Amino acid sequence: MLTESVSNICYFTLAGFTHSAFALGYEAGINKCTIDGNMVPPASLITFVQKGLQYLEMEANLSNSDADVEEDFSFLQPLDLITKDVRELRQMIKERKKGLQKERDKREKEKEKEKEKEKEKEREKDKETEKEHERERARIREKDRKEREKEVEKDRERNEKVRDREKQLEDNAERGAIPDQEEKTVVKQEENGISGGAEPMEIAVPSTSQTCEISSSDVMILEGHASEVCACAWSPTGSLLASGSGDSTARIWTVAEGTARTSMQNGPANVLVLKHVKGRTNEKSKDVTTLDWNGEGTLLATGSYDGQARIWSTTGELKSTLSKHKGPIFSLKWNKKGDFLLTGSCDKTAIVWDVKAEEWRQQFEFHTGPILDVDWRNNVSFATSSTDNMIYVCKVGETRPIKTFAGHQGEVNCVKWDPAGQLLASCSDDISAKVVCTVFFIYSSIYNMKQEKYVYDLREHTKEIYTLRWSPTGPGTNNPNQQLVLASASFDSTVKLWDVEVGKLISTLCGHRDPVYSVAFSPNGEYLASGSLDRCINVWSLKDGNIVKKYTGNGGIFEVCWNKEGDKIAACSANNTVCVLDFRM
């Protein structure tokens, strides 16, 4: 508008209408205009009108093309319209468009470079993470290799001792000597630093002749795995037994009711093979490391070295594959309700999976080392332990741990809630077991830990404690009138029983010669089964701490478990087999 006013003033001035030119300039605020009047050529008004007509023609032409008309006008200034013709204006627009496009292209290239840099950083981060996982896997494989070498060496030594003993017996027989076979059970009292009550017993092993050795007719050997079997679990509702192996398979065995002798007469047990890799088996990245049945016994979850959790039906159908972890899964557990599955991985995270939706619900990234164990307290809260010496208590929906425990000085191998969910026990490579008292109060659907502290620091073992279990006794169990007991199994070849009410050692069970990897209480809480690398399964009476049953297999025992009736014990071993023992007293 100012440009037009300037042109009109120039026209009036040239025509001799000086007063009119002044009045127009005053009303239009020409003195505020940024255009230098000296630059406006004579007859600008006529030129302006012509330009307007020409611009209408140019606008019409531009509107028939793909160009952006509004954008084209934005390239022009009022002075350009007065001083340049259409051809020059079009050329100006074209050049300015090119400049703008170059600037845009430059910015896009810079953005692409930034994106590529970010992707490269992510790739480097992933590579470093994978290298860390590979180092951890290599460490674990090396540890397993050394344990197996120890087992092989001990087997060789035992065989040599057996041959020497047989030779000695032959020599004695030739000389007419009868060796004294009788060995005595030694029970000694030892002080534990806590006054009051009975003193703990250390129970030495009676000889095999004095122990009720389980005969081979009472044992069913399940063969089929092509590598060591590291996990086994009975279905909580039926006669199905699951096993997981380093051959990249899990198996579901149907163990018939009745004795092993009857079952063997009816032929080999029915088995379903759950393959975790297509084609060949024995692929180490697919090792089945852990497994667990849901509470109804309708679904089996398996965890693998490939970082995937899989859910299977009792007919062997793969129901879902849960993929998010970036490292091996070492532990997994169903909650009691069966709607969530919890997994702990070498990638330092724990994930809660929504089983029905077949997707992850929440990932917990608090640990700085691989997670070794997880355990639910109830349907929404759980504990995790790690190689970083830490224990976290977490809750679904919370972004931070609701409690943190930092008492251990070594890798925390195992965490377990007691049946009532009031006590949390943990064990570590620092040769200690700890019990945390956790009292929860419910208010407005929010769980608040009113108080928490280490109740007991149990330091009686002399080597790493590998695992621990609570007895199915006390409040909230099927055996409410029996004492609650905690059992710990150690690489010092012993099992220890603890009275958690007073933090006192009840007894030390010295029935094994090599590291004890697993313990399990019978459903009625009266017996304890233990499995060791010495190839032996011992069943102990909790009344007096004596071995009531014993079985010696052909490979180191990694895990033992009872069926729901309490009349069968399953054990998986390093010689690629699963054995099922009949237990009758």
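Cβ coordinates are placed from backbone N, Cα and C, and glycine is handled just like the others.
Unlike curated entries, TrEMBL annotations are predicted automatically.
Here the structure is a predicted model, which means the values were calculated and not measured.
According to TrEMBL, the protein has these features:
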- 96-209: region 'Disordered' (REGION)
- 96-174: compositional bias 'Basic and acidic residues' (COMPBIAS)
- 181-191: compositional bias 'Basic and acidic residues' (COMPBIAS)
- 222-263: repeat 'WD' (REPEAT)
- 281-313: repeat 'WD' (REPEAT)
- 322-363: repeat 'WD' (REPEAT)
- 405-435: repeat 'WD' (REPEAT)
- 458-508: repeat 'WD' (REPEAT)
- 509-550: repeat 'WD' (REPEAT)
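The stretch from 281-313, 322-363, 458-508 with the most CB pairs below 8 A to the repeat 'WD' (222-263) is 281-313. Long-range contacts of the repeat 'WD' (322-363) within the same chain, counting only residues at least 6 positions beyond its ends with a Cβ under 8 Å from a Cβ of the stretch, are 126, 129-130, 133, 136-137, 287, 289-296, 299, 301-311, 369-376, 378-380, 382, 384, 386, 394, 396-397. Within the model, the repeat 'WD' (405-435) shows a mean pLDDT value of 84, rounded to a whole number.
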